[in-house]
Amino acid sequence: MGDMKLCSLMLCLLVPTLMVGAKAQRCGREFGGAVCGNGLCCSQYGWCGNSNEHCGTGCQSQCQASSSGDISSIISPSLFEEMLKHRNNQACPGRGFYTYDAFITAARSFRGFGTTGDTNTRKREMAAFFGQTSHETTGGWPSAPDGPYAWGYCFINERNQQVYCSGGGWPCAPGKSYYGRGPIQLTHNYNYGLAGSELGLDLTNDPDLVARDRNVAFRTAIWFWMRPQGNKPSSHNVITGGWTPSAADTNAGRLPGYGVITNIINGGLECGRGPDSRVQSRIGFYQRYCQLLVCGNGLCCSQYGWCGNSNEHCGTGCQSQCQASSSGDISSIISPSLFEEMLKHRNNQACPGRGFYTYDAFITAARSFRGFGTTGDTNTRKREMAAFFGQTSHETTGGWPSAPDGPYAWGYCFINERNQQVYCSGGGWPCAPGKSYYGRGPIQLTHNYNYGLAGSELGLDLTNDPDLVARDRNVAFRTAIWFWMRPQGNKPSSHNVITGGWTPSAADTNAGRLPGYGVITNIINGGLECGRGPDSRVQSRIGFYQRYCQLLGVSPGNNLDCNNQAPF
């Protein structure tokens, strides 16, 4: 492992109280809370199946149909890579084991996992699942590159390997040990026995299968997540709002939230002991994933991982998109007359987009994103508006060097990209037949994965109807502001860059990515324009920005170009 330091994996990672005396052929409350294998529903009478009789009235577990959409609409390949950023580092013994395809395949076999509830509920479950399992398999340390919470899924096997053979009605096989393996670090003979029985695997005699087969590794982790344990609810029900604490739970301080899941997993080893570094590690991973998943429509992510716009969500402990609009309404920065002066020729007869981009549509869309144009002092707010309109004006420009009032008075001239291509590629978002995902709207939203993700988070079906961005002026502005406010993989949000909410890492600094307008160009178009020396497109973006800064009466700041920046 060279000189890299790896923190110690927590000892005895899982000690759940699953004490079931016989192999489960049935399911539900009369059979020790057993969960059906392969994600089947447990009917009110304790039978496994996937018919309406099993999954409908009275269903006991795994009842939710996947009506919310496939799990890949929440966890895309690129997001998976960003969440588990260093899992394949040479210092990680588990490198190469945990793959996106294995996770998705396993996840799809459990009804309701990542598909229960609205989009924010689904995101919260994924943040919680990966938060807990990343702690269980962490290879991070306080000064690790990208922070300790970018090092989940580094290990497959527990480092302090013991036999872990005890009671629970599941005899141990001679010579076998039941130490932690896989994402959840499945531990103890009774967990291996019961998981194997319910998943159709002989894990009692072959516990190493969890460490050899990546699909089995994920299946056992999700099985544990979905299954009630004795008097404990399932982690799935806790995080999706399906659990109501009893009076005994309330008296014991067990209230709905991420903390109860830590209690389910490791109980008295970590809980009820006051502040604990292991608990904080679990929270750290969860908070990072909440930030990466981001609440839709600009809502705040509360300290407990819930999305909303109340003081409880946006106040103390808020994790992301926390800025209240206390600085005043965005209309106090961009007035109707200023909007007209900034986009002076957008309605010129030469502009195909004439009549489309209106002040009212912009203001309505802007007000739906907390913090957009309302973060920081007046100069910060003005600078963000200059930057947003600078970038989007370049994307939609109809200007030319000798144009009336100069080339930078011709922003918002176009709605659709002129060089229209299909732009269908990977990213976990299938393309609809006959649809093209070329640039549309102020930001010129491009590629199927951007349309898919934007639609998912804005409550719109942009995969099947990408033209909605070009038909509905409010949607056009909403997708542009969504893109502006949203971090992308290892890229910060443009909003955070221009409002001072982004601190470059050592890798960013070494790559020349310093705070300023130039980084936003890098976020938007990366290697197509950046790191190539002087570029006329980069200069066009700067020209619009400087004009708007002058109109708003604010300095543009430093680091305006990305000529010498490496792409993210």
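Every residue number used here counts from 1 along the chain in the order it is shown.
Placed from the backbone N, Cα and C atoms, the Cβ positions cover glycine too.
TrEMBL labels come from automatic prediction, so no person has curated them.
The 10 Å shell around the Cβ of CYS42 (disulfide bond) contains 26 further Cβ atoms across the protein chains shown. Per TrEMBL, the feature disulfide bond maps to CYS27-CYS42 (among others).
Taken from TrEMBL, the feature disulfide bond applies to CYS36-CYS48 (among others). Over all protein chains present, the Cβ of CYS48 (disulfide bond) has 23 other Cβ atoms lying within 10 Å.
Feature annotation from TrEMBL assigns disulfide bond to CYS41-CYS55 (among others). Mapped onto three states, the DSSP output places CYS55 (disulfide bond) in helix. In the shown protein chains, 20 other C-beta atoms lie within 10 A of the C-beta of CYS55 (disulfide bond).
Annotation source TrEMBL lists disulfide bond at CYS59-CYS63 (among others). A coil conformation is recorded for CYS63 (disulfide bond) in the three-state DSSP classification, outside any helix or strand. Non-local contacts of CYS63 (disulfide bond) by the CB criterion (under 8 A, 6+ apart in sequence, same chain) comprise CYS41, CYS42, CYS55, GLY56, ARG111, GLY112.
Annotation source TrEMBL lists disulfide bond at CYS295-CYS307 (among others).
Residues or ranges marked as disulfide bond in TrEMBL: CYS300-CYS314 (among others). For CYS300 (disulfide bond), the number of other Cβ atoms no farther than 10 Å from its own Cβ, over all displayed protein chains, is 25.
As annotated by TrEMBL, disulfide bond applies to CYS318-CYS322 (among others). According to its DSSP assignment, CYS318 (disulfide bond) is coil.
Annotation comment: TrEMBL describes 24-65 (among others) as domain 'Chitin-binding type-1'.
What TrEMBL lists as domain 'Chitin-binding type-1' is 268-324 (among others).
Feature annotation from TrEMBL assigns signal peptide to 1-24.
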For CYS318 (disulfide bond), which of the disulfide-bonded residues CYS27, CYS36, CYS48 has the nearest Cα in space? CYS36
Densest Cβ neighbourhood among CYS41, CYS314, CYS318 (disulfide-bonded residues), 10 Å radius: CYS41
If you measure from the CA of CYS48 (disulfide bond) out to 10 Å, which disulfide-bonded residues from the list CYS27, CYS300, CYS314 are inside that radius? CYS27
Return the residue, from the listed disulfide-bonded residues CYS36, CYS59, with the maximum count of other C-beta atoms within 10 angstroms of its C-beta. CYS36
Tertiary neighbours of CYS27 (disulfide bond) (same chain, Cβ under 8 Å, six or more apart): ALA34, VAL35, CYS36, CYS42, GLY46, TRP47, CYS48, GLN60, SER61
